[in-house]
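Below is one structure, written out as structure tokens; comments come after it.
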């Protein structure tokens, strides 16, 4: 019992640290510099993308190389809402997420026909189709893309309020609002993932990943579960994509549908941090950020380092950095396992009498 | 008439895509490995040929014959020291390792050769053409298509007429039982990847002869190649050739309608074929 007691206290310590961290992160726009806010914004949005991809590849067994489709669609639809239909950009973000989700339905219908590894290629091809179609959208600049009109974010929902509250420029207030939204999205994604994976459906999903036949035999419908996860992750990815492009303020088909930025980086973050674990992507995003700071001046070297690191993780530590940590310490911040009850002989508790 | 000409040009382009795809098809057929770095390895081979050309002043055709054994050894080493370690029940590790390799290869090429567009100077043959009835066909595209046929034919002969081919097929069918017959699957795999990269070298020769290339074009070639393999049906080499032709013809017609639609038309053909025939045109393998 003593080991489980110390594990319990380590856990509450972990939770306490997490709460302090979250409070600190909420305060960043108030106390930190604008550059820090922008940096953390990009880390947080990459983290959300990573959590989504981890859900697909790490839990649902769907290795998608087409996530840039959802980022791009989210971004383009957000721009359309703002520029063409005069909506608030934040409403556009929501519509962008919904549009990405709607697109994911026919995409799933098509890509789910492809088994295993070929699913990756299928999603990639569909994402390329989405990019090519977006570059035909002349109202949004066609192949050369378009920018948000100057001052769009100034009047964005919540920005004037934050401007007065913190007494900062409109641009800084817009940064703060998008930052908080990214933080909220990351926390929501983490919570939803955790609750979902601990639920009956999440258990079913992991059962399908671990043993398809056994899962089927207990009445799980793998295709329905996977399709559900695929569409929900498309929604999350689309929302994030739209949010990212409010910050960038300029959209082009190449940037919005970039396989390197929105899928390759995300894959490396998840793989390095620990695929199939929830804290893994967080750790991966931190490593990614550190590497970026260190090697930002050497663009190609940075990518080579990421690629080699990803390969090394797959060769020597398949469950990534977080897997190494849990293996060494036995401590898991967000455990997903359902441990069986301890055998009676090992417990000191009196055996309840049977009636 | 213009449509017939477009069709012919599409078939010639399809020959190049079939060459891109043949190596992939071989590797997938034998070890179920989806190599996401294949496109970048083709581009790497193009730079190897270019390097030999500029170092010795040779004609690219001769340089390519020198590059063939180099790429075979490279493929053998890749398989032995990298891919063999991650092949298994779980499809995730090989996918991610080849994805990592793709990014590493692409950026190493960028580091060493910059992002400038290059071309293989083929000499006089580049501008020559032959007139066949109403059509005027470039000699290089014609040679590409001829080579694609030759490669697919040779691979089929290798597969069905030689001891090595028997080992390939046996290993593909049952990786465990072949070991009782004195075959080491890992060695068979290494040879297969070596051969695949030799085919990739040939593809690189025609890629560089036909058009400009730079380090970043690999992933797009990979997509076309995979589309050809999937359209053709997994495990069928002639199917792969047919798949390449489908993509080539679709792209040619797309480009004839609107130059911006070339790539899109190829992708749409891929989607359309799979919607009608989920397992491709000539499926052989059961997975």
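Positions of Cβ are set from backbone N, Cα and C atoms, glycine also.
Here the transmembrane segment (A:12-31) has long-range neighbours at 37, 40, 166, 172, 175-176, 179-180, 183, 187, 331, 333, meaning same-chain residues at least 6 beyond its ends whose C-beta is under 8 angstroms from one of its own. The annotation transmembrane segment is assigned in TrEMBL to A:12-31 (among others).
Annotation comment: TrEMBL describes A:43-62 (among others) as transmembrane segment.
Per TrEMBL, the feature transmembrane segment maps to A:69-87 (among others). Within the chain carrying the transmembrane segment (A:69-87), a Cβ under 8 angstroms from the stretch's Cβ atoms is held by residues 49, 93, 95-97, 99-100, 103-104, 107, 123, 126-127, 130-131, 134, 137, 139-140, 146, 148-149, 152, 233-234, 237-242, 244-246, 251, 253, 256-257, 262, all 6 or more beyond its ends.
Annotation source TrEMBL lists transmembrane segment at A:93-112 (among others).
Through the fold, the transmembrane segment (A:177-197) approaches residues 22, 25-26, 28-29, 37-38, 40-41, 44-45, 47-48, 51-52, 55, 59, 90, 93, 156-159, 162, 203, 205-206, 236, 239-240, 243, 246-247, 278, 282, 334, 336 of its own chain, all at least 6 residues removed from its boundaries and within a Cβ separation under 8 Å. Summarising the annotation, TrEMBL assigns transmembrane segment to A:177-197 (among others).
Summarising the annotation, TrEMBL assigns transmembrane segment to A:227-248 (among others). Through the fold, the transmembrane segment (A:227-248) approaches residues 38, 41-42, 45, 48-49, 51-53, 55-56, 59-60, 62, 64, 67, 70-75, 77-79, 89-90, 92-94, 96-101, 103-105, 107-108, 112, 148, 153, 156, 174-175, 178, 181-182, 185, 189, 201, 205, 255-256, 262 of its own chain, all at least 6 residues removed from its boundaries and within a Cβ separation under 8 Å.
Here TrEMBL flags A:255-278 (among others) as transmembrane segment.
Long-range contacts of the transmembrane segment (A:298-317) within the same chain: residues 260, 265, 267-268, 271-272, 288, 291-292, 323-324, each at least 6 residues beyond the stretch ends and with a Cβ under 8 Å from a Cβ of the stretch. Residues or ranges marked as transmembrane segment by TrEMBL: A:298-317 (among others).
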